[in-house]
Amino acid sequence: MGNRVGRDDYEWVYTDQPHADRRKEILAKYPEIKSLMGPDPRLKWIVCMMVAIQFLAFFLVKDLDWKWVLFWTYAFGSCINHSMTLAIHEISHNTAFGNNKAMWNRYFAMFANLPIGLPYSASFKRYHLDHHRYLGGDGVDVDIPTEFEGWFFCTRFRKFIWIILQPLFYAIRPLCINPKPITQLEMANVAIQFSFNIFLYWLWGAKPVVYMLAGSMLGMGLHPISGHFIAEHYMFLKGHETYSYYGSLNLLTFNVGYHNEHHDFPSIPGRRLPMVKKIAAEYYDDLPHYTSWVKVLYDFIMDDTISPYSRVKRKLKGDVKQE
């Protein structure tokens, strides 16, 4: 189905990422933006509420017919679990308890990880901070698809399959691009998560476990919220490597759609990013942006000029200090 995509390589650039310079310029003009930095006191309570909602859902699905388990897995569980991954994204920037309580943030992220079923919060933080520091960096930024993904998923049908399999590629990509030694925190994350999964199975049987794991896989695959994976950095317009989304799904995703704003000011919690856009409107209003993640997914599949290769990539110079 569909013609082969015309791209056969990434968009290589020889300039630094734009976010550091824009941050300096905005802060020089609007120093009051510094007051938006720091932890969001509401975040920990929202996360606790979402975890409690999923625990209640585990209890409610344990006696349902399998058809209804699968229905609620996609209709509800996938939305909550994808939202929880974005809560972990927020926590990875120490926005739950602040920079002075870094370990509190780490273990709170493991708590937020529980209803997702797959232990990833500790590893995510290490790789995500590299993504901010070295956006598009060859061999460092694991958000960029591998050569195999760019080469193989080059038709409409294959891009459709690639979107379904996104959770798989996000899991194995770091091992291919930038493997790192396993840390004690990552081991703790695995031990806590698998202990919880086993306890859940012992307590209420297989259905809640299927609801949990399938919800995570479906929510990060072919799902409206998953449009943010494509929308954030895939180059639909030449010369632009980061795009924001200003739509209603930001309410479920901790404003991750405000992605230019987030990369400009990663220490500002998602709840306050709309204020950044309002204060420094002249820096953001004219940047290309989206209003529908569903349309982003559709355009990515149907546009024969776009593929996993449609990413800006750069060779890094100087010392590279990774997490």
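Including glycine, each Cβ sits where the backbone N, Cα and C put it.
Quick look at what TrEMBL lists:
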{"type": "DOMAIN", "residues": "5-43", "note": "domain 'Sphingolipid delta4-desaturase N-terminal'"}
{"type": "TRANSMEM", "residues": "43-61", "note": "transmembrane segment"}
{"type": "TRANSMEM", "residues": "68-87", "note": "transmembrane segment"}
{"type": "TRANSMEM", "residues": "107-124", "note": "transmembrane segment"}
{"type": "TRANSMEM", "residues": "187-204", "note": "transmembrane segment"}
{"type": "TRANSMEM", "residues": "210-231", "note": "transmembrane segment"}
Notebook entry, point to check: Which listed stretch (43-61, 68-87, 107-124, 187-204) has the most C-beta pairs under 8 A with the transmembrane segment (210-231)?
Noted result: 68-87
Next item on the list: Return the stretch with the most CB pairs under 8 A relative to the transmembrane segment (107-124), choosing among 43-61, 68-87, 187-204.
Entry: 187-204
Notebook entry, point to check: Do you know the DSSP helix, strand and coil residue counts for the domain 'Sphingolipid delta4-desaturase N-terminal' (5-43)?
Noted result: 18 helix, 3 strand, 18 coil
Notebook entry, point to check: Can you give the mean pLDDT for the domain 'Sphingolipid delta4-desaturase N-terminal' (5-43), rounded to a whole number?
Noted result: 94
